[in-house]
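Now, the feature entries from TrEMBL:
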- 1-35: signal peptide (SIGNAL)
- 274-293: transmembrane segment (TRANSMEM)
- 305-328: transmembrane segment (TRANSMEM)
- 340-362: transmembrane segment (TRANSMEM)
- 383-402: transmembrane segment (TRANSMEM)
- 470-491: transmembrane segment (TRANSMEM)
- 522-566: domain 'RING-type' (DOMAIN)
Amino acid sequence: MRSSAAAGSSGAAMRAAVVGLVLVGVALAPSPAAALRPLRERVASAGAAASAGSWGDEHAFFKRDENDVGPYSWNITGTYKGSWAFAGATNCSSRFLEFVKSKGDSVLELLSTPTKISGVHYVQGSITFHDVIDNSHDHGVAQIRLEGVYIWPFRQLRMVANSGADGEPLQEEDYFLSNPYHLLRIFSSQVFQESSEEKNRRKNSLTYDMEKHCSTEIAAKVVRVSSNPNDGEHEKYRLEGLMESPAVDDDGECFSPILLNATSLNVEVYYNKAVNYTLMVTFISFIQVLLLIRQMEHSNTQSGAAKVSILMIGQQAIMDAYLCLLHLTAGILVESLFNAFATAAFFKFVVFSIFEMRYLLAIWKASRPLNSGEGWEIMRRELSVLYSRFYGILLGGILLMYELHNFLRPLLLLMYSFWVPQIVTNVIRDTRKPLHPQYILGMTVTRLAIPLYIFGCPSNFMRIEPDKKWCIAVTVFMGIQAAVLLLQHYLGSRCFIPRQILPEKYCYHRKVEDSTNQPIDCVICMTTIDLTQRTSEYMVAPCEHIFHSGCLQRWMDIKMECPTCRRSLPPA
């Protein structure tokens, strides 16, 4: 308690000192215009470039907006994205030689807090410079922690570098931990494969060198930008200023003056994108539930369920379990989006835990008919083995993806081969119409929606760079699987396999010689079978029992057993 109180008091003292120093500087200055000029005059070229390129008319600083009624009118808290460039032609610094490139992209994070002084806000944040290394394969990142004051009546922002005390949490972390713009990006970079550019940026970050060796000062003005009608009530701001590094102990400056130009980003846009994504996932899950119900009705008999591959359903259930965990983790990470992501995770949980697991058990039960002397203990033991295998594969897959996260896209392509087990099962067993066409087409389309959004949408909320080649590959791969299943449904399970390599198939329509001249009855419909008619009118089982063709086919749709002796029947 004492340490936390001490940390709080030291933080308050630091903020008061920063505000006081800046205000004292403004008060002692000969005129407001001089006080609000850049921190110190540079060489003529730098000063000319600064005034022509970014500062403009300083009289704009002193014009109050008639609509501003209090210190909360201009809240500059938010994310600013723009560009940086040296005021001169190149960087003429005597230290920090890593800053080689003359211009690049920059991102500012600002958290503005009102103070007891009217019109003055205390500001904390950071500025990140991208592309500071002139190398086509290596783009470095330099980041500086900042703090200062924002005098909103004059639209003036003054900040200095601050690395913070060791072990003392910075106040702007509260803002970062509630900003979906960054948290969703952090979450996606941990879950999905990072690009080589992102890895190099993180690897070559120059944050600590900047904070340890450089003294940094920023003077900037903030102007309101006319917002788009799509932005609604969100106010957009433009930040223009100059960043300098005064020499310390005659060791030279860290870098030449840098011109900053950035525009605020509407975080609500990213929030809305994330909410729309969760609505899409919820709608897709609802469609998948309807498709599963349709398929379960299509194979509601023991024979129909036995035709479905248990590996195919199990693989889809594992995919939905992973999606449930991912969305739940994202909701926990981004507290402001918890309700949206929790809803999507709940629907995915319903899909895999209720419908797909129920269908999985029905297929397992249909594929192992009970023996007469088999007890409940044996069934319970086999059922526990089934559950152990399923959850073992589930956990093993998580570990595998963690170890092979650099190959995440090939692993996803492997996961999306869930139709292959059903295709192989159809060929081996020569099954007839195990899956409904609506289930095949519907599942193919709905399964493709999420990966195509994440890796194909250029403005996805996770800010992942589009990968068109992978999207085309997974779409073609899934399309081929669905096309093969539809061909098997309408033309036969072995329609694309040459007859020369097919195993010999049992023929139910074979000629039977009736030497006894006794009438033979079909035990299914209890009517007489006329053996003098064409062989297509009756069917002979391997156990030599004879039935009407229509009767036995309808029976085989329910059970693949002989109605007379209960012997297993081969596929027709």
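Just so you know, glycine gets a Cβ as well, placed from its N, Cα and C.
Distant neighbours of the transmembrane segment (340-362): 274-275, 278-279, 281-282, 285-286, 288-289, 292-293, 295-296, 305, 308, 310, 313-314, 316-318, 320-321, 323-325, 327-328, 330-331, 334, 383, 386, 390; these residues of the same chain sit at least 6 beyond its ends, with a Cβ under 8 Å from one of its Cβ atoms. Across the domain 'RING-type' (522-566), the DSSP tally of helix, strand and coil residues reads 11 helix, 9 strand, 25 coil. Counting residues 6+ beyond its ends, the transmembrane segment (383-402) has Cβ neighbours under 8 Å at 314, 317-318, 321-322, 360-361, 364, 408, 411 in the same chain.
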